[in-house]
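Colleague: If you scroll down you'll find the structure; I have some questions about it.
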Amino acid sequence: MKYKQPILLIHGGAGSWETKDANIVNREIEKALDYGYDQFSTGSSIEAVVESISYMEDSGYFDAGKGSYKNAKGEIEMDAGIMHGNNYSVGAVAAVKVKNPIKEALKVMLDGRHVLMTGKVEEVIPSEKAIHYGDTVGAVALDKDGNIVAGTSTGGINGKLPGRIGDSPIPGAGYYATNNVAVSSTGIGEIILKILPAKEVDMLVSMGFPICDVVKSVIDKITSIFGKNNIGMIAIDKRGFATAYYNTRGMPRGIKNPEGKKILMFEGEI
């Protein structure tokens, strides 16, 4: 579906979400969406993506930030990445212990000397509110000036080996943005890293295929190889067409533009 700019589309992770949790999770998605969208009044797509993801990291209800799964040692290690499609600027962090990994990823992007960093440690207080039926949070945005941005943040899989890094900080896997499209992925990192679906979406869209068809076909391809319950994606193109698709039970998601907003967890078109 095509939307008027500016547009913000976010997700709270594809997974085995339960109907009983829909109200509270959708409420948090809406708050993150509104908070991120407010950034357009003084900022760009970068601020909208970073602040909406930061809200979800701080909420404690998602597998990111305070709500992150713990590794096999009972510690939190998080990954995040952000990309500005207009100039291919990228910043990412991996296996970090910081309050807001997406903001650390932004610092890496703005510094410009490197793409992926790890090692910074500060105390993260785990949340007792985490519902944990999904994994990873993400956002894509397109502002009035045509800035197109994608970002993703995660705590990774439950009980992972210390030092494990998933798809979320890897451009082309957990997120990707060019002057054509912005994509954020969610799911099983080991599968996503093998396919690089976010990059594949960009390649197909650049060839002229509609973004809605492309995202569905890429996920259908992954389903045919690895089965269901392993991926979801949100995406937006430079013309304002936006889509969301997943092969799991649900994926909390929300979109907002000047004409209104829509919040969904299960079936329904963005």
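Backbone N, Cα and C define each Cβ position, glycine as well.
Source: prediction; values computed, not measured.
Below are the features I grabbed from TrEMBL:
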- Thr136: active site, nucleophile (ACT_SITE)
- Arg164, Ile165, Gly166, Asp167, Thr186, Gly187, Ile188, Gly189: substrate binding site (BINDING)
Colleague: Taking 10 A as the limit, how many CB atoms besides its own sit near the CB of Ile188 (substrate binding site)?
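Modeller: Neighbour count, Cβ to Cβ under the 10 Å cut-off: 20.
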Colleague: Taking DSSP as the reference, which of helix, strand or coil describes Gly187 (substrate binding site)?
Modeller: strand
Colleague: Using Cα coordinates, what distance in whole Å links Gly187 (substrate binding site) and Thr136 (active site, nucleophile)?
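Modeller: Per the Cα atoms, Gly187 (substrate binding site) and Thr136 (active site, nucleophile) stand 7 Å apart.
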Colleague: Out of Arg164, Ile165, Thr186, give those binding-site residues positioned within 10 angstroms of Thr136 (active site, nucleophile), comparing C-alpha atoms, in sequence order.
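Modeller: So far as Cα distances go, the binding-site residues lying within 10 Å of Thr136 (active site, nucleophile) are Thr186.
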Colleague: Inside 10 Å of the Cβ of Ile165 (substrate binding site), count up the other Cβ atoms and send me the figure.
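Modeller: For Ile165 (substrate binding site), the count of other Cβ atoms within 10 Å is 19.
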Colleague: I want to verify one value. Collapsing DSSP to three states, which class is Ile165 (substrate binding site)?
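Modeller: Once the DSSP labels are grouped into three classes, Ile165 (substrate binding site) ends up as coil.
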Colleague: Please state how far apart, in Å and to a whole number, the two most distant Cα atoms are among Arg164, Ile165, Gly166, Asp167, Thr186, Gly187, Ile188, Gly189, the recorded substrate-binding residues.
Modeller: 16
Colleague: Under a three-state reduction of DSSP output, how is the residue listed as 'active site, nucleophile' classified: helix, strand, or coil?
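Modeller: DSSP call for the residue listed as 'active site, nucleophile': coil, neither helix nor strand.
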Colleague: Taking the Cβ of Arg164 (substrate binding site) as centre, how many other Cβ atoms lie within 10 Å?
Modeller: 17
